[in-house]
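Peer 1: Quick one: structure below, then a few questions.
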Amino acid sequence: MASSILSGSDNVKLLSGISPSGSSFLGSELNLKCLPQKRFVNLRATRTLRPTKCSLSASRPASQPRFIQHKKEAFWFYRFLSIVYDHVINPGHWTEDMRDEALEPAELHARNLQVVDVGGGTGFTTLGIVKHVDAKNVTIIDQSPHQLAKARQKEPLKECKILEGDAEDLPFPTDTFDRYISAGSIEYWPDPQRGIKEAYRVLTIGGVACLIGPVYPTFWLSRFFADVWMLFPKEEEYIEWFKKAGFTQVKLKRIGPKWYRGVRRHGLIMGCSVTGVKPYAGESPLQLGPKVEDVSKPVNPFVFLMRFLLGITAASYYVLVPIYMWLKDQIVPKGQPI
């Protein structure tokens, strides 16, 4: 695969390109001012990075959460969506070809790699992981027991460890996994920066984090429903979050359904694959305060119902978008923009 990296710059610079498969990517070598400047990373080194002062991250205000960025609401949303997730959502937004393309930068090149799939849900992404890594070396974690029940039913995943847990507070020791994979999960995190900081913590030195998620739409109606429903980050936000967490060799690869013909104005539920390498052992140098979201607080039933219905409406819109794009792909002659 073609790749392009800028090095030796304190500023984030992006390079765009086209891979042999036709998908585009963005590459960036990200040097943190709060980290020692190193030209090369020695993967055999065991040096522990001392905590350093970095600016605190600013999470989305708890008073303005999108519907399924609230863990209690997301729990009930997936209580019902898990029934049809693999048959309704994946065919329009997260195909097997997209999955394989998105996992390629994770460098799953050895069967004995220790891999964690965070927000693994029904195990669709994990099925792509176990093509390259022995299932006994793969751990799936998700907050939804209903989604995980679907994963347990998949024969290739029988040997995987399957746990309930929180992406922003992973129940694993520091420096545990060789690869961290998370696909279609970041959009539900109240504080994405905290989740990526956790990715850094649980990886071993030289480990690779691969985060696959949505991208923000530019079309006005799609923007409205995106902001109602869940987090659709901008590409530069992904890179900034990885940079602040301490990752180096950060790259962003664009993905999308083939029938979209590269169109991104409606946003994509699975629109990019972002990777970064952990340069030092230990925790992330980023200093964060306490969690903002308090899931122990009681939820007003009326407010919950109204937000649930609005969230369902927004989700329905994004079920229809890939159908609309597929119809345009069938009608508009090949080679012409849609």
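Cβ coordinates come from backbone N, Cα and C, glycine included.
Quick paste of what TrEMBL says about this protein:
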- 66-275: domain 'MPBQ/MBSQ family SAM-binding methyltransferase profile' (DOMAIN)
- 115-124: region 'SAM motif I' (REGION)
- 160-173: region 'SAM motif II' (REGION)
- 201-214: region 'SAM motif III' (REGION)
- 202-221: transmembrane segment (TRANSMEM)
- 304-327: transmembrane segment (TRANSMEM)
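Describe the structural context of each listed feature in the structure shown, including burial, neighbouring residues and relevant distances.
Peer 2: Mean pLDDT for the domain 'MPBQ/MBSQ family SAM-binding methyltransferase profile' (66-275) in this predicted model: 90.
Within the same chain, residues 78, 82, 85-86, 90, 94, 99, 108, 133, 137-144, 147-148, 150-151, 154, 157, 160, 162, 167, 170, 172, 176-186, 188, 195, 199, 202 sit at least 6 positions outside the region 'SAM motif I' (115-124) and bring their C-beta atoms closer than 8 Å to a C-beta of that stretch.
The helix, strand and coil residue counts that DSSP assigns across the region 'SAM motif II' (160-173) are 0 helix, 6 strand, 8 coil.
In terms of DSSP secondary structure, the region 'SAM motif III' (201-214) contains 2 helix, 12 strand, 0 coil.
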